[in-house]
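According to Swiss-Prot, the features are:
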- CYS400: active site, nucleophile (ACT_SITE)
- CYS83, CYS89, CYS92, CYS171: [4Fe-4S] cluster binding site (BINDING)
- GLN277, PHE306, ASN311, GLU327, ASP354, ASP374: S-adenosyl-L-methionine binding site (BINDING)
- 12-70: domain 'TRAM' (DOMAIN)
Amino acid sequence: MAQFFKAKPNSSKQLSAKVSLQVTRLDHLGAGIAQHNGKVVFIPGVLPGEKAMVQLTEQKKRYSRAKLLNLETHSIDRVEPKCAHYHQCGGCDLQHLSLEKQRLHKESALVSLMAKLSHTEAEALVPAIIGEQWHYRRRARLATFYHQETKRTTLGFRAQSSKEVIDISSCPVLAKSLSELISPLSKLLNQLASRRALGHVELIDVDNGQFVVVRATKELSDKDKEKLLSFAQEHKVNLIVQGNEGELLVIKGPKELPFYTLNSDIKLSFTPGNFVQVNGEINRAMVDQAVQWLDVKADERVLDLFCGVGNFSLPLAKSGAEVIGVEGVPEMVAQARINAKQSDLSDVTFFHTDLSADLSKEPWLGKVDKLLLDPARAGAFESLQWLKKMKPKSIVYVSCDPSSLARDSEPLLKHGYKLKKLGLVDMFPQTHHIEAMALFELS
């Protein structure tokens, strides 16, 4: 029997439809939620209580998406975005909401996700860890794009849900020293003969100065290197070129790697590409709270999974306890060992392990008194399948995605742990990103 294509009735008309909707709340990603024809509609850039004229852009069985055309009413919580690039750049998405309401929204979203996905509530919701709302980022990666037609390179952040690079002149969430580099750096890149071979540019502001790391897919000419050196000297920054294989060419810089300190006596060095928390002020407070919550004693054994370069491991080792740090990136494990040595901490050992793999034969797997987890957005679900082998009395889980925290809470609850404390860590003001810290104790 022949079958003929039959277009869905009015599908194109439905997508181009302009409708006026009442926004009731925000989802955990910061988008406004409204109702239309019995379905939820997600609308970026709007706030609860606002009425907005929108255009439908996507239709699914259970929900739709729309873009804001204009506001018909304004929320009292709406503020004027500080950034001139806010409506094009995809870096921030909540600058239009007052800071107080941003934090209340994030706390509410965190508690709601935990209740919905893990069916549990914390015995205590602790005060959020908060800091400066502007100029807090000590590190950022800017994208570049070479335009074949104009022979120019654009430097900036990508647009929301797009590969397009937005040309920016400054950034109010970057450290001032880094934000002030963007315009002259953009001018410099467009003077290089090898500008079409440039990748991303990393900006770092830490204890031993500002670093500019330029990714290049081929070796730069001597003239280009001279221009980079002149820029570094004029702006008093360290400048490094990173090659295709990760090799580093220091154009101007100190003999030591970038580093930051914790508690004045713990020095954490890292190489470009290593993960470190971008908000130094919040990171220090977060580490202090984790150490306080775990309350480690000198005779205890502590396991730090996803330990990075030792951000939590080394402060925990100051207690005199035996600390074991485990990390999946070998270069970071090597750096963590160096950091322990330069901070004169001998009771800490680091292992390289793929924490999503079979851990049964790992030498470090065994009974521990305390456990700290600081995984990436994917969470620590696979690692927690080995909880019976570890049996810690207390667990601190530092999360950069409340959905994975809620999911990972399930095996903890099944093994007899209770959620004793939960708190927001506002690592990224002006964005929807939610970081959190949770304390679980064996009941």
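Using the three backbone atoms N, Cα and C, a Cβ is placed for every residue, glycine included.
Annotated features taken from Swiss-Prot, shown on the structure.
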{"residue": "CYS83", "record": "[4Fe-4S] cluster binding site", "DSSP class": "coil"}
{"residue": "CYS89", "record": "[4Fe-4S] cluster binding site", "DSSP class": "strand"}
{"residue": "CYS171", "record": "[4Fe-4S] cluster binding site", "DSSP class": "coil"}
{"residue": "GLN277", "record": "S-adenosyl-L-methionine binding site", "DSSP class": "coil"}
{"residue": "PHE306", "record": "S-adenosyl-L-methionine binding site", "DSSP class": "coil"}
{"residue": "ASN311", "record": "S-adenosyl-L-methionine binding site", "DSSP class": "coil"}
{"residue": "ASP354", "record": "S-adenosyl-L-methionine binding site", "DSSP class": "coil"}
{"residue": "ASP374", "record": "S-adenosyl-L-methionine binding site", "DSSP class": "coil"}
{"residue": "CYS400", "record": "active site, nucleophile", "DSSP class": "coil"}
Ten-angstrom check, please: count other Cβ atoms within 10 Å of the Cβ of GLU327 (S-adenosyl-L-methionine binding site), all chains counted.
-> 26
Of the recorded positions listed as CYS83, CYS89, CYS92, CYS171, CYS400, the one whose CA lies nearest the CA of GLN277 (S-adenosyl-L-methionine binding site) | CYS400
Ranking the binding-site residues CYS89, CYS92 by other Cβ atoms within 10 Å, which is at the bottom?
-> CYS89
Out of PHE306, ASN311, ASP354, which of these binding-site residues is nearest the residue listed as 'active site, nucleophile' by C-alpha distance?
-> PHE306
Using only the residues recorded as binding S-adenosyl-L-methionine (GLN277, PHE306, ASN311, GLU327, ASP354, ASP374), report the maximum Cα-Cα distance in Å, whole number please.
-> 21
How many Å lie between the Cα of PHE306 (S-adenosyl-L-methionine binding site) and the Cα of CYS92 ([4Fe-4S] cluster binding site)?
-> 27
What are the other residues, in sequence order, whose C-beta lies within 8 angstroms of the center of the C-beta atoms of CYS83, CYS89, CYS92, CYS171 at the [4Fe-4S] cluster site?
-> HIS85, TYR86, GLY91, GLN95, PHE157, ILE168, PRO172, VAL173, GLN430
When you measure from the Cβ of PHE306 (S-adenosyl-L-methionine binding site), how many other Cβ atoms are you left with inside 10 Å?
-> 22
How long is the line from the C-alpha of ASN311 (S-adenosyl-L-methionine binding site) to the C-alpha of CYS92 ([4Fe-4S] cluster binding site), rounded to the nearest angstrom?
-> 26
Count of other CB atoms lying within 10 Å of the CB belonging to ASP374 (S-adenosyl-L-methionine binding site) = 23
CYS171 ([4Fe-4S] cluster binding site), Cβ-centred 10 Å count of other Cβ atoms over all protein chains shown, is 26
Quick note, ASP354 (S-adenosyl-L-methionine binding site): same-chain residues at least 6 apart with CB under 8 Å of its CB -> GLY328
Taking Cα atoms as reference points, which of the binding-site residues CYS83, CYS89, CYS92, CYS171 is nearest to GLU327 (S-adenosyl-L-methionine binding site)?
-> CYS92
What is the Cβ neighbour count of CYS83 ([4Fe-4S] cluster binding site) at a 10 Å cut-off, with all protein chains included?
-> 18
Select the most exposed residue of GLN277, ASN311, where exposure means the fewest other Cβ atoms within 10 Å, treating these as the binding-site residues.
-> GLN277
